[in-house]
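Asker: From Swiss-Prot, for reference:
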type	residues	note
ACT_SITE	Cys17	active site
BINDING	Lys20, Thr47, His48, Asp49, Asp67, Asp90, Gly138, His139, Thr140	ATP binding site
SITE	Lys20	site 'Important for catalytic activity'
BINDING	Asp50, Asp90, Asp226	Mg(2+) binding site
Amino acid sequence: MNRSSFDLLSTVEYGGCSAKLDPAKLSELLHDIPLPVDSRIMVDVSTHDDAGVYRLNDDTALIVTTDFFPPVCSDPYTFGRIAAANALSDVYAMGGRPLLVLNLTMFPSEGIPVEVLADILRGGQQTIDESGAFTMGGHTIDDPIPKYGLAVTGIVHPEHLVTNAGVRAGQCLVLTKPLGIGVAMAAHRLGLIGSEVYEAAIGQMCLLNRAGAELMQKYGIRGATDITGFGLLGHAKELAEASDVCLHIDSRSVPVLPECLSLLRDGCIPGATFRNLRFVGDMLRADCPTEYKMLLADAQTSGGLLMAVDADRAEDLVADLHRTGLHPFAAIIGYATDAEDAAKLIVT
């Protein structure tokens, strides 16, 4: 089947997870919104987790989440794949298995061929099929700027749930995918990188976090998150706050896409990076080169899992991630200690 050659990037200024609302503004907005109270609700928005969780019975809990955004790449089919992988990731980050999805689509009734929308949906369906979930329908509205994503329902055993609040002092931090997605995509739009770096970024965004979720269960991991629009620092902040720990990150151990550090040194810094640095604010104590600090705040789209694993099992976890053939970049990037002062993130 022929695929559309329409360039989706011509329709947007900000794409992917870099289009998220400023996290500081979002926190302020949600502050006065009343939370539901029910003994069956295991996770709500108070801990800024990746999804909500509702206990059905002693053996099953529902994971519910949604995610959508404007195009992050030119090709409609690839955009569909990335957006679906990003939405499904929230379920994986909670240690669950995606079960049912609904397509969420915003698309103009005029100006862009309808075949483009068909390609987006086909790309999304490829990734949904890879996850083992089932598409049950969706909703589409007329919007001048295309957007696509999913509402996802997953399941998890209540005793195997992974949350932001599950990190313990003494554990090591493992990251499954490289950083630099935001930098690479900005550089691509400016013509600063070749196809090799661009395709590497695309490949990471299309990759499901399924293998990482399965290994979290094998290793008994209970504290983790996925790294998306708030960058590694922003999501690590949410882990640290919910778990009441301090996270120590070795910036030079963090995996990074090719050329991204040199791009940052040369000033290719997406605007979302500064937004994310404002979000972590005084909780960050950084003693590292500027380009590494910027890398850690880079907004990721469909990024990897940041897991907290017992120190004596961290190297085995990384080896297992490598053996999947899907996560060659996986690495130990730091550790957790008891929180002692306002600094929840210490970067060296």
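Yeah, the Cβs are placed from backbone N, Cα and C, and that goes for glycine too.
Since we're looking at a predicted model, the values are computed, not measured.
Can you walk me through where each of these features ends up in the structure?
Answerer: In the structure as shown, the Cβ atom of Lys20 (ATP binding site) sits within 10 Å of 20 other Cβ atoms.
DSSP gives Asp90 (Mg(2+) binding site) a helix state. Counting Cβ atoms from all protein chains shown, Asp90 (Mg(2+) binding site) has 26 others lying within 10 Å of its own Cβ.
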Asker: Restricting to the same chain and to sequence separations of six or more, state which residues have a Cβ under 8 Å from that of Asp50 (Mg(2+) binding site).
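Answerer: Counting only residues 6 or more apart in sequence, the Cβ neighbours of Asp50 (Mg(2+) binding site) under 8 Å are Thr65, Ser89, Asp90, Ala93, Met94, Asn164, Thr225, Asp226.
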Asker: Identify, in sequence order, the residues in the chain of His48 (ATP binding site) that are 6 or more apart from it along the sequence and have a CB within less than 8 Å of its CB; answer 'none' if there are none.
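Answerer: Correct list: Ser27, Asn164, Glu238, Glu241, Ala242.
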Asker: What number of additional C-beta atoms lies within 10 angstroms of the C-beta atom of Gly138 (ATP binding site)?
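Answerer: I count 15 other Cβ atoms within 10 Å of it.
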